[in-house]
Amino acid sequence: MRTAIFPYKFISHFGCSNNNRGALRITMSPLFPLLLLSYVSYGLSYNCLNTGYDCKNGGACDYFGRCKCPPGYTEVDCGLDTASITAAGACRAACLNKGICFNGISCYCPEDYIGTKCEVPVLSAECGMSSMKIRAYRPLNFNGEMFLKQSMFGCKLTEMFTNVPGYKMYELDIPLEAIAPCSLKRTENPETGDTTYEVEVATAHTKGLFSMSDTVHNVQCVYEARRMGENPVDVTAAMNPLTVKVVDSNERPLQQVQRNDAFYILAESNGKFPDTTGARIRYLEAYSLDRQTNEVKTIKLIEDECPIEAAVSLLGFTPSNVPFELNGKWLGRVEMKGFFLVDGEPLLIDYRAKLCRSKCYEKSCNSPPPLTIPKTAPFKDLITPIEVV
């Protein structure tokens, strides 16, 4: 299995948040190392020309598939009696996703959400560590099919059991590294390292056919990152797959360390994804803000799991990055020493990590051997020697 790699700064977005002369203070707010965010790029287009999407209360379906509502009724299907709409202050229902409260206790959902509180998206993606699961709901009398746009016959969503009343549920689980025809489009932001997986999902309301009233929607999973020390908005904390902390040699949380004293950065799988139990730091960069010049000073410590030679020479120590077992779990652990980039200013950490099915094995970071020049070339053809004076 290929390991899934996620930036650590979080997004949600998942967000990772993270003076005294002569000491290094590391201040960290709660860490949200990874953002798993799924969304549909645009509305689901209620079309009354399709089976299961009728106009209610005497509404008329026009040529373009839109319901024309009689007086006193509103919304895409004319299903909401305007006289029943309840003001927010008088509503006892916690309607989500722009749901409209009516009769004081119920929620009328927009076209792309269902459920008693409008909490269930009609089309969404469950963003996993190694796959993207597409999930869709359609009316009970829907008799069409759903599939990835690139393959009408090879990449169909399958009808599954659901306890959501009045709807059928369809799913398709796509590995992030899937190959054609059921592959995902992968893009990476070169500046932030954020990775997006996306695919277009088609709905045909008649099997084997695709008409003007059918739809195609883009669904995405975003794996994002932020810097420790920033304050991102956490909108998906429940999906945080990793805990990252700074500790001393006894694994006790640490916020301050003396110059040249050892400390450790630990990355640990927190059990959100049962199939991933190991963790490892993949990238590490320290940075500080010079308050006098308002400039940020940085130094890369680890890249592609290996210490950066230039940093080793400058700092006088080698950050170690080895698999570490604690209480039966495999953790990523980087050993560091206290140092300053800007005297008296806190040291902040920008990092990325990966999760593994069990132990993340240590990568070989040995330098390549020097290039050997064959004895017969190129000097055998050199006619005039060059004198060095």
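For all residues, glycine too, the Cβ spot is worked out from N, Cα and C.
Note: TrEMBL annotation is automatic and uncurated.
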Recorded disulfide partner - CYS109, candidates CYS101, CYS118, source TrEMBL: CYS118
Other CB atoms within 10 A, centred on CYS78 (disulfide bond): 22
DSSP-assigned states of the domain 'EGF-like' (44-79) in counts, ordered helix, strand, coil: 0 helix, 6 strand, 30 coil
Distance [Cα-Cα, Å, rounded] between CYS78 (disulfide bond) and CYS91 (disulfide bond): 21
Cβ neighbours within the same chain of CYS118 (disulfide bond) - under 8 Å, at least six residues apart: CYS95, LEU96, ASN97, LYS98, GLY99, CYS107, CYS109, PRO110
Rounded inter-Cα distance in Å - CYS101 (disulfide bond), CYS69 (disulfide bond): 19
Alpha-carbon distance [CYS91 (disulfide bond); CYS69 (disulfide bond)] in Å: 25
